[in-house]
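To start, the structure under review is shown below, and the notes come after it.
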Amino acid sequence: MSDNVNPGTGSKADKLAATEPAETELAETEPAETELTDAEQAPDPHAKSAPDDRDVDGPLDESEANPVRPYVDLGGVKILPREGLHLRLEIEEGSKRVVAIGLDYAGSTLQVQPFAAPRSSGLWHEIRSQIADQIARQGGSTTPREGPFGPELVAEIPVAAGQGPSGTTRLARFIGVDGPRWFLRGVIAGEGAINPDAAAQIEDLFRSIVVVRGSAPMPPRDLIPLRMPATPAGTPEPSGA
């Protein structure tokens, strides 16, 4: 899946590229209470963002995963096979490196990318704002909301020339989870972006992913290397990024 919002290329800010406006209606009569509310609504841009049960229900770090489960090893992530799941590798044309994993399942598409992150802080709060800015520059729009993994963005992205009627948009959900020294970004399109039942299935798939950060030093926001599986499982097919 190609979203033209690709953290695998460009500057690091664009690679990983909102916050809701603060409510000020009560400012004249209750300024102290409004000030507290504003602070609560504006997350620390460096705080980690993840479900409370992430270390149990996923997405998991390699150290938290069951080593005997039959995962497909793709380098920076491991995927648990399931019936009806189709795996694609998204390849950057110039470098020929794998820059994303595409998962087609239950009428939805999930694109995932793992990135290095600081040990004690997160990336998702800051990255959401960058994604919103990048989509706005493309002529699209985003709406922030709270989802099953925490804050997410629902985006209307203009369809690229040659990929559909001029002036049309497509819907996508940008989700993210900060883990131990890694950040996992997901982009959901298709039924999972509009249908609650399909959304639950693709969200369960996202939770089942295992991130392999490795011990090598990496600058924050660098893509954790991805690769073809050592042994074919469903024969992933490459696609241009």
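Cβ coordinates come from backbone N, Cα and C, glycine included.
Quantities reported herein were computed from a predicted structural model and do not represent experimental measurements.
What TrEMBL lists as compositional bias 'Acidic residues' is 22-38.
Tertiary neighbourhood of the compositional bias 'Basic and acidic residues' (43-57): same-chain residues 19, 64, 121-122, 124-126, 129, 148-151, 176-179, 207, selected by CB-CB distance under 8 Å and a gap of 6+ residues from either end. Sequence annotations record features per position, and here TrEMBL assigns compositional bias 'Basic and acidic residues' to 43-57.
Annotation source TrEMBL lists region 'Disordered' at 1-69 (among others).
The feature region 'Disordered' is assigned by TrEMBL to 222-241 (among others).
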(Q) Just to be sure I understand, if DSSP states are collapsed into helix, strand and coil, how many residues of the compositional bias 'Basic and acidic residues' (43-57) fall in each? (A) 4 helix, 0 strand, 11 coil
